[in-house]
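*Asks:* In case it helps, TrEMBL gives these features for our protein:
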type: TRANSMEM; residues: 6-30; note: transmembrane segment
type: DOMAIN; residues: 27-189; note: domain 'Rhodopsin'
type: TRANSMEM; residues: 42-65; note: transmembrane segment
type: TRANSMEM; residues: 85-109; note: transmembrane segment
type: TRANSMEM; residues: 121-141; note: transmembrane segment
type: TRANSMEM; residues: 168-189; note: transmembrane segment
Amino acid sequence: PDPAFGSAMVVATAIMRAVSLPLFACRLYSRLLPRWRLSWDSYFLVAAVIFDLVQWVLILLSIHYGYGHSYQYVSPENMLSTAQFLFFAQPFSVWALSCAKISVAFCLLRIQRRVPTWRMFLRCLIVLQVAISAIINYFQFTMCKPFRANWDGRTPNSQCVDKQTAQISIFVSLAMTIFTDLTFSLVPLSL
């Protein structure tokens with residue numbers, strides 16, 4: 001039997017967005033009216049939402065082409081489309097997460113104006129977050145040559161990094177993401 005996890009993913013992510021997008025709109029509205037009070041944290045939050053919506057659309061397209069179904073139920077052409085949409089969703093996901101964390105850091109900078117050491121620490125976290133995201137994208141886009149081989153293993157004369165190198169880059173990316181998640185979640189407790 002075909003498990004078809006794609007539809008469950010659509011429902012779960014649609015519910016999350018049905019809750020979060022109105023809250024985001026209310027926050028944005030409260031910053032725009034009665035007078036313009038957008039700051040860096042708001043701009044990065046807007047960027048995070050835009051990146052997230054783009055990656056969501058790409059994931060929905062991959063689901064349309066068969067993502068979530070058992071591979072034997074998906075045609076080779078659709079498997080290729082699915083892999084391509086998933087590949088291009090990844091950088092948008094990385095930057096959505098990065099912009100959300102940077103938004104939190106700028107919010108904390110706006111709130112915590114008096115302690116220079118905290119301000120310097122938060123600025124360093126922002127730079128670190130941008131660097132991590134850029135490095136993750138660099139590795140993603142340079143894993144295989146020609147570029148198409150990133151989602152199409154049948155590409156002639158393709159060369160990809162070995163499996164161990166790919167796994168190490170994934171583990172390092174995950175470790176850095178976890179580190180910044182923990183740091184950003186614990187910083188407000190110290191302020």
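Just so you know, glycine gets a Cβ as well, placed from its N, Cα and C.
Have a look at these and tell me how they're positioned relative to everything else.
*Replies:* Away from its own ends, the transmembrane segment (6-30) comes close to residues 42, 45-46, 49, 56, 59-60, 63, 66-69 of its chain (Cβ-Cβ under 8 Å, at least six residues beyond either end).
Counting same-chain residues at least six beyond the ends of the transmembrane segment (121-141), those with a Cβ under 8 angstroms from any Cβ of the stretch are 87, 90-91, 94-95, 97-98, 101-102, 105-106, 108-109, 112, 147, 150, 169, 173, 176-177, 180, 183-184, 187.
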*Asks:* Over the domain 'Rhodopsin' (27-189), what does the predicted model average in pLDDT?
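*Replies:* Averaging the confidence scores along the domain 'Rhodopsin' (27-189) gives 92.
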